[in-house]
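Q: Structure incoming, see below.
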């Protein structure tokens, strides 16, 4: 499958690497456009055996699927550059730009173009991403199946209605930052109690990883928490301290605040 990237940054590279590893595309079937000053990204794609260019038109002409992976404020200018290309018609365009709506992408492409909007997250860089996608007006069931297959090469992928994208962005898009803060805080607690910094950080990261793996088995987090908590034990005392200091409400509030910000940014980007 011939896949092109308009924008050749770290996420695009991670996706390309995942597609190749999963056997969804050969290295010589991938083309990426990079900013002329971003020589490092161009070399990274070339290191995969892919083609790196410094303009967008050839990317569209060489590809069956085009992934729009530039920064959100660059999406519209980049699409306008290719809108009148005959080769842009009847192709699948997948946008991974935060906050850019399907309507904005479709209005800046030929009317025949098929569009899918995806919200990935940065753990895709290590093939542990969580992505969600929404179909555009012309996207087919086959396009949806292909999108799911592509993004499952770097993690999980779920289809959602577009109105849920702000919440998706606030939860899984921004969520890694919250988890990193949790890991850092756990490690800081270990250091405060006498552990060496490197050991504390390693234990905090592995504890987070293992706990997430247990949730993915299907058991409810509340049940798993109760399984760790002995009556009058150290875990009960620790969770009480978290509850007393508003741990849950702080996390819930962070997601809600991020949603509010997403709505403001979306309005700015799509007006």
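Just so you know, glycine gets a Cβ as well, placed from its N, Cα and C.
Among the features that TrEMBL reports, domain 'Pyrroline-5-carboxylate reductase catalytic N-terminal' is placed at 2-98. Per TrEMBL, the feature NADP(+) binding site maps to 6, 7, 8, 9, 10, 11. Look at TrEMBL and you will find 56 tagged as NADPH binding site. Here TrEMBL flags 162-263 as domain 'Pyrroline-5-carboxylate reductase dimerisation'.
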Q: Using Cα coordinates, what distance in whole Å links residue 10 (NADP(+) binding site) and the residue listed as 'NADPH binding site'?
A: 17
Q: Given the binding-site residues 7, 8, 9, which one is most crowded in terms of C-beta atoms within 10 angstroms?
A: 8
Q: Including all protein chains shown, what's the count of other C-beta atoms within 10 A of the C-beta of residue 6 (NADP(+) binding site)?
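A: So the number of other Cβ atoms within 10 Å of residue 6 (NADP(+) binding site) is 28.
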Q: Just to confirm my parser: what is the rounded mean pLDDT across the domain 'Pyrroline-5-carboxylate reductase dimerisation' (162-263)?
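A: Across the domain 'Pyrroline-5-carboxylate reductase dimerisation' (162-263), the average pLDDT comes out at 98.
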Q: I'd like to know which of the binding-site residues 10, 11 has the most other Cβ atoms within 10 Å of its Cβ.
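A: That would be 11, with the most Cβ atoms nearby.
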